[in-house]
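*Asks:* Okay, handing you the structure first.
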Amino acid sequence: MTNIRKTHPLMKILNDAFIDLPTPSNISSWWNFGSLLGLCLIMQILTGLFLAMHYTPDTSTAFSSVAHICRDVNYGWFIRYLHANGASMFFICLYAHIGRGLYYGSYMFQETWNIGVLLLLTVMATAFVGYVLPWGQMSFWGATVITNLLSAIPYIGTTLVEWIWGGFSVDKATLTRFFAFHFILPFIITALAAVHLLFLHETGSNNPTGIPSNMDMIPFHPYYTIKDILGALLLILILLALTLFTPDLLGDPDNYTPANPLSTPAHIKPEWYFLFAYAILRSIPNKLGGVLALLLSILVLIFIPMLQTSKQRSMMFRPFSQLLFWTLIADLLTLTWIGGQPVEHPYIIVGQLASILYFLLILVLMPTAGLIENKLLKW
(Lines of atoms letter the chains of each structure in order from A and count residues from 1; the text may use other names and numbers.)
(Lines give C-alpha, C1' and ligand atoms only; values in the text may rest on other atoms or scores of the structure.)
Protein backbone atom coordinates (compact mmCIF):
# COMPACT_ATOMS: atom_id res chain seq x y z
CA MET A 1 0.00 0.00 0.00
CA THR A 2 1.30 3.50 -0.89
CA ASN A 3 2.39 5.60 2.06
CA ILE A 4 -0.29 8.09 3.20
CA ARG A 5 2.17 10.97 2.85
CA LYS A 6 2.26 10.34 -0.91
CA THR A 7 -1.53 10.11 -1.38
CA HIS A 8 -3.22 12.44 1.13
CA PRO A 9 -3.92 15.81 -0.60
CA LEU A 10 -2.36 17.91 2.20
CA MET A 11 0.43 15.53 3.18
CA LYS A 12 1.39 15.21 -0.49
CA ILE A 13 2.18 18.94 -0.68
CA LEU A 14 4.36 18.75 2.45
CA ASN A 15 5.98 15.54 1.21
CA ASP A 16 6.92 17.07 -2.14
CA ALA A 17 8.30 20.20 -0.43
CA PHE A 18 10.18 18.82 2.58
CA ILE A 19 10.58 15.04 2.40
CA ASP A 20 10.88 13.50 -1.07
CA LEU A 21 12.15 16.71 -2.68
CA PRO A 22 15.11 15.92 -4.98
CA THR A 23 17.99 18.15 -3.84
CA PRO A 24 21.51 18.61 -5.27
CA SER A 25 23.98 16.48 -3.34
CA ASN A 26 26.60 19.22 -3.05
CA ILE A 27 24.77 22.25 -1.62
CA SER A 28 26.70 23.87 1.24
CA SER A 29 25.60 25.44 4.52
CA TRP A 30 24.87 28.67 2.64
CA TRP A 31 21.68 26.89 1.54
CA ASN A 32 20.54 26.63 5.19
CA PHE A 33 19.31 30.21 5.37
CA GLY A 34 16.01 29.58 3.55
CA SER A 35 14.80 27.23 6.28
CA LEU A 36 16.28 29.53 8.96
CA LEU A 37 14.21 32.40 7.55
CA GLY A 38 11.12 30.18 7.82
CA LEU A 39 12.04 29.48 11.44
CA CYS A 40 12.57 33.20 12.13
CA LEU A 41 9.17 34.01 10.61
CA ILE A 42 7.40 31.40 12.77
CA MET A 43 9.21 32.66 15.90
CA GLN A 44 8.37 36.29 15.13
CA ILE A 45 4.68 35.50 14.52
CA LEU A 46 4.41 33.51 17.77
CA THR A 47 6.27 36.00 20.00
CA GLY A 48 4.45 38.87 18.26
CA LEU A 49 1.07 37.24 18.92
CA PHE A 50 1.78 37.02 22.66
CA LEU A 51 3.05 40.61 22.72
CA ALA A 52 -0.10 41.81 20.92
CA MET A 53 -2.20 40.26 23.71
CA HIS A 54 -0.77 42.81 26.17
CA TYR A 55 0.13 45.78 23.96
CA THR A 56 -2.13 48.82 23.48
CA PRO A 57 -1.73 50.83 20.24
CA ASP A 58 -2.51 54.21 21.76
CA THR A 59 -0.11 57.15 22.16
CA SER A 60 -0.94 57.62 25.85
CA THR A 61 -0.47 53.95 26.85
CA ALA A 62 1.80 52.30 24.22
CA PHE A 63 5.09 53.02 26.02
CA SER A 64 3.76 51.98 29.43
CA SER A 65 2.13 48.84 27.96
CA VAL A 66 5.58 47.70 26.75
CA ALA A 67 6.98 48.46 30.22
CA HIS A 68 4.06 46.48 31.69
CA ILE A 69 4.90 43.52 29.41
CA CYS A 70 8.52 43.58 30.62
CA ARG A 71 7.70 44.03 34.32
CA ASP A 72 4.38 42.31 35.04
CA VAL A 73 3.65 39.69 32.38
CA ASN A 74 5.07 36.20 33.07
CA TYR A 75 8.28 36.00 31.02
CA GLY A 76 7.09 39.13 29.19
CA TRP A 77 10.64 40.56 29.16
CA PHE A 78 11.81 37.34 27.50
CA ILE A 79 9.09 37.40 24.81
CA ARG A 80 9.72 41.10 24.13
CA TYR A 81 13.49 40.69 23.73
CA LEU A 82 13.11 37.47 21.72
CA HIS A 83 10.90 39.45 19.34
CA ALA A 84 13.25 42.45 19.13
CA ASN A 85 16.42 40.39 18.69
CA GLY A 86 14.55 37.89 16.51
CA ALA A 87 14.16 40.74 14.01
CA SER A 88 17.94 41.17 13.97
CA MET A 89 18.45 37.44 13.39
CA PHE A 90 15.82 37.61 10.62
CA PHE A 91 17.84 40.29 8.81
CA ILE A 92 21.17 38.52 9.34
CA CYS A 93 19.65 35.43 7.69
CA LEU A 94 18.04 37.55 4.96
CA TYR A 95 21.28 39.28 4.02
CA ALA A 96 23.20 35.98 4.08
CA HIS A 97 20.49 34.39 1.90
CA ILE A 98 20.66 37.24 -0.64
CA GLY A 99 24.48 37.19 -0.57
CA ARG A 100 24.40 33.47 -1.32
CA GLY A 101 22.03 34.11 -4.23
CA LEU A 102 24.35 36.79 -5.63
CA TYR A 103 27.50 34.71 -5.27
CA TYR A 104 26.21 31.47 -6.74
CA GLY A 105 23.97 32.97 -9.43
CA SER A 106 20.68 31.78 -7.90
CA TYR A 107 19.12 34.99 -9.29
CA MET A 108 18.88 33.23 -12.66
CA PHE A 109 15.66 31.66 -11.33
CA GLN A 110 13.95 34.93 -12.12
CA GLU A 111 10.46 34.39 -10.66
CA THR A 112 11.92 33.05 -7.41
CA TRP A 113 14.38 35.96 -7.26
CA ASN A 114 11.76 38.67 -7.93
CA ILE A 115 9.42 37.29 -5.27
CA GLY A 116 12.45 37.22 -2.97
CA VAL A 117 13.03 40.95 -3.60
CA LEU A 118 9.34 41.57 -2.89
CA LEU A 119 9.72 39.56 0.33
CA LEU A 120 12.73 41.68 1.33
CA LEU A 121 10.72 44.89 0.84
CA THR A 122 7.78 43.48 2.83
CA VAL A 123 10.02 42.37 5.71
CA MET A 124 11.67 45.81 5.73
CA ALA A 125 8.24 47.48 5.86
CA THR A 126 7.18 45.18 8.71
CA ALA A 127 10.35 45.93 10.69
CA PHE A 128 9.89 49.67 10.18
CA VAL A 129 6.27 49.82 11.36
CA GLY A 130 7.13 47.45 14.22
CA TYR A 131 9.91 49.74 15.44
CA VAL A 132 7.37 52.56 15.84
CA LEU A 133 5.12 50.58 18.22
CA PRO A 134 7.02 50.93 21.56
CA TRP A 135 6.53 54.72 21.10
CA GLY A 136 9.94 55.72 22.41
CA GLN A 137 11.88 58.73 21.12
CA MET A 138 13.55 56.82 18.28
CA SER A 139 10.22 55.18 17.37
CA PHE A 140 8.50 58.55 17.04
CA TRP A 141 11.29 60.42 15.27
CA GLY A 142 12.13 57.46 13.03
CA ALA A 143 8.50 57.34 11.92
CA THR A 144 8.49 61.12 11.37
CA VAL A 145 11.71 61.19 9.34
CA ILE A 146 11.03 58.13 7.16
CA THR A 147 7.36 58.90 6.38
CA ASN A 148 8.38 62.50 5.63
CA LEU A 149 10.57 61.21 2.79
CA LEU A 150 7.39 60.67 0.76
CA SER A 151 6.88 64.45 0.74
CA ALA A 152 9.74 64.54 -1.80
CA ILE A 153 7.35 63.08 -4.40
CA PRO A 154 6.39 65.99 -6.67
CA TYR A 155 2.84 67.41 -6.51
CA ILE A 156 1.18 64.70 -4.36
CA GLY A 157 3.96 64.29 -1.74
CA THR A 158 2.60 66.42 1.11
CA THR A 159 -0.96 65.11 0.72
CA LEU A 160 0.36 61.54 0.64
CA VAL A 161 2.33 62.01 3.89
CA GLU A 162 -0.69 63.49 5.70
CA TRP A 163 -2.83 60.63 4.38
CA ILE A 164 -0.38 58.07 5.79
CA TRP A 165 -0.15 59.95 9.10
CA GLY A 166 -3.94 60.26 9.37
CA GLY A 167 -3.42 63.89 10.44
CA PHE A 168 -0.88 66.70 10.35
CA SER A 169 1.80 64.89 12.35
CA VAL A 170 2.75 61.40 13.56
CA ASP A 171 0.09 60.83 16.22
CA LYS A 172 -2.51 58.40 17.57
CA ALA A 173 -3.95 57.58 14.13
CA THR A 174 -0.44 56.78 12.81
CA LEU A 175 0.35 54.46 15.72
CA THR A 176 -2.97 52.60 15.38
CA ARG A 177 -2.58 52.00 11.65
CA PHE A 178 1.07 51.00 12.04
CA PHE A 179 -0.01 48.38 14.57
CA ALA A 180 -2.61 47.11 12.07
CA PHE A 181 0.07 46.95 9.34
CA HIS A 182 2.52 45.23 11.68
CA PHE A 183 -0.09 42.59 12.47
CA ILE A 184 -1.16 41.84 8.89
CA LEU A 185 2.20 42.00 7.06
CA PRO A 186 3.76 38.82 8.55
CA PHE A 187 0.83 36.82 7.15
CA ILE A 188 1.38 38.41 3.74
CA ILE A 189 5.08 37.46 4.11
CA THR A 190 4.03 33.87 4.88
CA ALA A 191 1.89 33.74 1.71
CA LEU A 192 4.70 35.25 -0.39
CA ALA A 193 7.18 32.76 1.10
CA ALA A 194 4.89 29.91 0.00
CA VAL A 195 4.85 31.31 -3.56
CA HIS A 196 8.65 31.79 -3.37
CA LEU A 197 8.96 28.09 -2.50
CA LEU A 198 6.46 27.09 -5.20
CA PHE A 199 8.56 28.76 -7.92
CA LEU A 200 11.80 27.36 -6.47
CA HIS A 201 10.40 23.82 -6.61
CA GLU A 202 9.47 24.31 -10.27
CA THR A 203 13.19 24.50 -11.12
CA GLY A 204 14.83 22.79 -8.15
CA SER A 205 17.70 24.27 -6.15
CA ASN A 206 20.84 25.75 -7.63
CA ASN A 207 24.19 24.44 -6.31
CA PRO A 208 27.66 25.95 -5.65
CA THR A 209 29.04 25.05 -9.09
CA GLY A 210 26.11 26.64 -10.93
CA ILE A 211 26.01 23.54 -13.18
CA PRO A 212 22.70 21.62 -13.58
CA SER A 213 22.58 18.84 -10.98
CA ASN A 214 19.70 16.77 -12.35
CA MET A 215 21.92 13.69 -12.59
CA ASP A 216 23.02 13.86 -8.95
CA MET A 217 20.09 14.42 -6.59
CA ILE A 218 19.39 13.10 -3.09
CA PRO A 219 16.14 13.24 -1.06
CA PHE A 220 15.73 16.29 1.16
CA HIS A 221 14.88 14.07 4.13
CA PRO A 222 16.95 12.86 5.99
CA TYR A 223 20.06 14.51 4.47
CA TYR A 224 19.05 18.16 4.54
CA THR A 225 16.48 17.99 7.34
CA ILE A 226 19.28 17.01 9.73
CA LYS A 227 21.57 19.68 8.22
CA ASP A 228 18.85 22.32 8.64
CA ILE A 229 18.28 21.28 12.26
CA LEU A 230 21.97 21.96 12.99
CA GLY A 231 21.61 25.44 11.48
CA ALA A 232 18.39 26.00 13.45
CA LEU A 233 20.09 25.01 16.73
CA LEU A 234 22.95 27.45 16.04
CA LEU A 235 20.45 30.21 15.23
CA ILE A 236 18.49 29.56 18.44
CA LEU A 237 21.74 29.45 20.45
CA ILE A 238 22.86 32.85 19.12
CA LEU A 239 19.38 34.34 19.61
CA LEU A 240 19.17 33.07 23.20
CA ALA A 241 22.69 34.30 23.99
CA LEU A 242 21.79 37.74 22.60
CA THR A 243 18.44 37.85 24.40
CA LEU A 244 19.63 36.61 27.80
CA PHE A 245 23.04 38.28 28.06
CA THR A 246 22.89 41.53 26.07
CA PRO A 247 19.23 42.13 25.11
CA ASP A 248 19.81 45.83 24.36
CA LEU A 249 23.08 45.45 22.44
CA LEU A 250 21.47 46.18 19.05
CA GLY A 251 18.82 48.62 20.28
CA ASP A 252 18.95 52.39 20.77
CA PRO A 253 19.03 53.80 24.33
CA ASP A 254 16.87 56.73 23.11
CA ASN A 255 13.96 54.34 22.76
CA TYR A 256 13.78 54.02 26.56
CA THR A 257 12.68 57.67 26.65
CA PRO A 258 8.94 58.08 25.92
CA ALA A 259 8.14 59.82 22.61
CA ASN A 260 8.24 63.60 22.86
CA PRO A 261 7.35 65.67 19.76
CA LEU A 262 8.97 68.75 21.36
CA SER A 263 12.45 67.26 21.80
CA THR A 264 14.45 65.88 18.89
CA PRO A 265 17.15 63.26 19.69
CA ALA A 266 20.72 64.35 18.85
CA HIS A 267 21.20 61.56 16.30
CA ILE A 268 18.17 60.03 14.60
CA LYS A 269 19.11 56.66 13.18
CA PRO A 270 17.27 53.42 12.34
CA GLU A 271 18.05 49.91 13.60
CA TRP A 272 21.40 48.48 12.40
CA TYR A 273 19.85 46.50 9.54
CA PHE A 274 18.68 49.69 7.78
CA LEU A 275 21.86 51.71 8.31
CA PHE A 276 23.38 50.91 4.88
CA ALA A 277 20.28 52.25 3.10
CA TYR A 278 20.11 55.22 5.49
CA ALA A 279 23.74 56.07 4.67
CA ILE A 280 22.93 56.02 0.93
CA LEU A 281 19.89 58.27 1.57
CA ARG A 282 21.98 60.79 3.55
CA SER A 283 24.88 60.81 1.10
CA ILE A 284 22.86 62.77 -1.49
CA PRO A 285 22.29 66.43 -0.57
CA ASN A 286 19.00 66.58 -2.52
CA LYS A 287 15.81 65.25 -0.88
CA LEU A 288 14.21 63.63 -3.94
CA GLY A 289 17.60 62.33 -5.13
CA GLY A 290 18.22 60.76 -1.73
CA VAL A 291 14.81 59.06 -1.71
CA LEU A 292 15.39 57.68 -5.22
CA ALA A 293 18.86 56.41 -4.25
CA LEU A 294 17.35 54.79 -1.14
CA LEU A 295 14.71 53.00 -3.24
CA LEU A 296 17.21 52.04 -5.90
CA SER A 297 19.64 50.62 -3.32
CA ILE A 298 17.11 47.79 -2.78
CA LEU A 299 15.40 47.70 -6.19
CA VAL A 300 18.79 47.32 -7.93
CA LEU A 301 18.47 43.63 -6.97
CA ILE A 302 15.69 43.26 -9.56
CA PHE A 303 18.12 44.22 -12.35
CA ILE A 304 20.83 41.74 -11.36
CA PRO A 305 19.58 38.84 -13.58
CA MET A 306 19.62 41.26 -16.57
CA LEU A 307 23.22 42.25 -15.79
CA GLN A 308 24.52 38.68 -15.98
CA THR A 309 27.22 38.79 -18.67
CA SER A 310 29.26 35.73 -17.67
CA LYS A 311 28.89 32.36 -19.38
CA GLN A 312 29.27 30.76 -15.95
CA ARG A 313 26.39 31.04 -13.54
CA SER A 314 28.24 30.78 -10.24
CA MET A 315 31.21 32.83 -9.04
CA MET A 316 32.90 29.64 -7.79
CA PHE A 317 35.37 29.60 -10.71
CA ARG A 318 35.50 33.38 -11.35
CA PRO A 319 38.26 35.06 -9.28
CA PHE A 320 37.67 38.62 -10.57
CA SER A 321 33.96 38.48 -9.78
CA GLN A 322 34.77 37.01 -6.36
CA LEU A 323 37.06 39.95 -5.62
CA LEU A 324 34.31 42.41 -6.61
CA PHE A 325 31.70 40.49 -4.61
CA TRP A 326 33.74 40.70 -1.40
CA THR A 327 34.48 44.36 -2.17
CA LEU A 328 30.70 44.86 -2.30
CA ILE A 329 30.31 43.16 1.10
CA ALA A 330 33.07 45.40 2.56
CA ASP A 331 31.35 48.42 0.99
CA LEU A 332 28.01 47.47 2.59
CA LEU A 333 29.72 47.10 5.98
CA THR A 334 31.29 50.55 5.48
CA LEU A 335 27.86 52.01 4.63
CA THR A 336 26.37 50.35 7.73
CA TRP A 337 29.06 51.98 9.88
CA ILE A 338 28.60 55.39 8.22
CA GLY A 339 24.80 55.23 8.70
CA GLY A 340 25.35 55.17 12.45
CA GLN A 341 27.75 58.14 12.48
CA PRO A 342 26.84 61.86 12.75
CA VAL A 343 26.65 63.95 9.56
CA GLU A 344 30.07 65.63 9.70
CA HIS A 345 33.52 65.42 8.10
CA PRO A 346 34.99 62.85 7.28
CA TYR A 347 31.86 60.66 7.47
CA ILE A 348 30.01 62.63 4.77
CA ILE A 349 32.63 62.08 2.04
CA VAL A 350 33.24 58.44 3.05
CA GLY A 351 29.48 57.82 2.84
CA GLN A 352 29.28 59.46 -0.60
CA LEU A 353 32.22 57.44 -1.94
CA ALA A 354 30.82 54.20 -0.49
CA SER A 355 27.39 54.95 -2.04
CA ILE A 356 28.93 55.60 -5.47
CA LEU A 357 31.02 52.44 -5.19
CA TYR A 358 27.91 50.39 -4.24
CA PHE A 359 26.08 51.25 -7.47
CA LEU A 360 29.28 51.19 -9.54
CA LEU A 361 30.10 47.64 -8.39
CA ILE A 362 26.65 46.24 -9.12
CA LEU A 363 25.80 48.10 -12.33
CA VAL A 364 29.22 48.48 -14.01
CA LEU A 365 32.16 46.59 -12.52
CA MET A 366 30.59 43.16 -11.96
CA PRO A 367 29.07 42.88 -15.48
CA THR A 368 32.44 44.04 -16.91
CA ALA A 369 34.29 41.40 -14.87
CA GLY A 370 31.92 38.80 -16.34
CA LEU A 371 32.87 39.84 -19.88
CA ILE A 372 36.60 39.79 -19.06
CA GLU A 373 36.28 36.30 -17.57
CA ASN A 374 34.51 35.13 -20.74
CA LYS A 375 37.54 36.29 -22.74
CA LEU A 376 39.88 34.51 -20.32
CA LEU A 377 38.00 31.24 -20.92
CA LYS A 378 39.36 31.26 -24.50
CA TRP A 379 43.00 31.48 -23.42
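Indices start at 1 and increase along the chain as displayed.
Heads up, the Cβ atoms here are built off N, Cα and C, so glycines get one too.
Computed from a predicted structure; not experimentally measured.
Marked as transmembrane segment by Swiss-Prot on the basis of similarity to another entry: 33-53, 77-98, 113-133, 178-198, 226-246, 288-308, 320-340, 347-367. As annotated by Swiss-Prot, heme b b562 binding site applies to His83, His182, with the evidence given as similarity to another entry. According to Swiss-Prot, the feature heme b b566 binding site maps to His97, His196. The feature ubiquinone binding site is assigned by Swiss-Prot to His201, with similarity to another entry given as support.
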*Asks:* Taking a Cβ cut-off under 8 Å, which residues six or more beyond the ends of the transmembrane segment (33-53) line up next to it in the same chain?
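*Replies:* Hits for the transmembrane segment (33-53): 69, 79-80, 82-83, 86-87, 89-90, 93-94, 96-97, 100, 182-183, 186-187, 189-190, 193, 228, 231-232, 235, 239.
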*Asks:* Indicate whether the residue listed as 'ubiquinone binding site' is helix, strand or coil by DSSP.
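*Replies:* In three-state terms, the residue listed as 'ubiquinone binding site' counts as helix.
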*Asks:* Going by C-alpha distance, which of the binding-site residues His83, His97, His182 is nearest to His201 (ubiquinone binding site)?
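*Replies:* If we rank His83, His97, His182 by Cα distance to His201 (ubiquinone binding site), first place goes to His97.
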*Asks:* Using a 10 Å cut-off, grab the number of neighbouring Cβ atoms around the Cβ of His97 (heme b b566 binding site), all chains included.
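*Replies:* If we count other Cβ atoms within 10 Å of His97 (heme b b566 binding site), we arrive at 21.
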*Asks:* State the non-local partners of the transmembrane segment (347-367) in its own chain: residues 6+ outside its ends, Cβ under 8 Å from one of its Cβ atoms.
*Replies:* 279-280, 282-284, 293, 296-297, 300, 303-304, 307-309, 321, 324-325, 327-328, 331-332, 334-335, 338-339, 341
*Asks:* In Å, rounded, how far does the Cα of His196 (heme b b566 binding site) sit from the Cα of His182 (heme b b562 binding site)?
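*Replies:* Rounded to a whole number, the Cα-Cα distance is 21 Å.
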*Asks:* How far is it from His182 (heme b b562 binding site) to His97 (heme b b566 binding site), counting Cα to Cα, in Å?
*Replies:* 23
*Asks:* Which one, from the binding-site residues His196, His201, has the smallest tally of other C-beta atoms lying within 10 Å of its C-beta?
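*Replies:* Lowest Cβ count within 10 Å among the binding-site residues (His196, His201) is His201.
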*Asks:* To the nearest whole angstrom, what is the C-alpha distance linking His97 (heme b b566 binding site) and His83 (heme b b562 binding site)?
*Replies:* 21
*Asks:* Neighbour count, 10 Å Cβ-Cβ cut-off, for His182 (heme b b562 binding site): what number do you get?
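*Replies:* Other Cβ atoms within 10 Å of His182 (heme b b562 binding site): 22.
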*Asks:* Which residues does His83 (heme b b562 binding site) neighbour through Cβ under 8 Å, counting only same-chain ones at least six apart?
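*Replies:* When sequence neighbours closer than 6 are ignored, His83 (heme b b562 binding site) has Gln44, Thr47, Gly48, Leu51 within Cβ distance under 8 Å.
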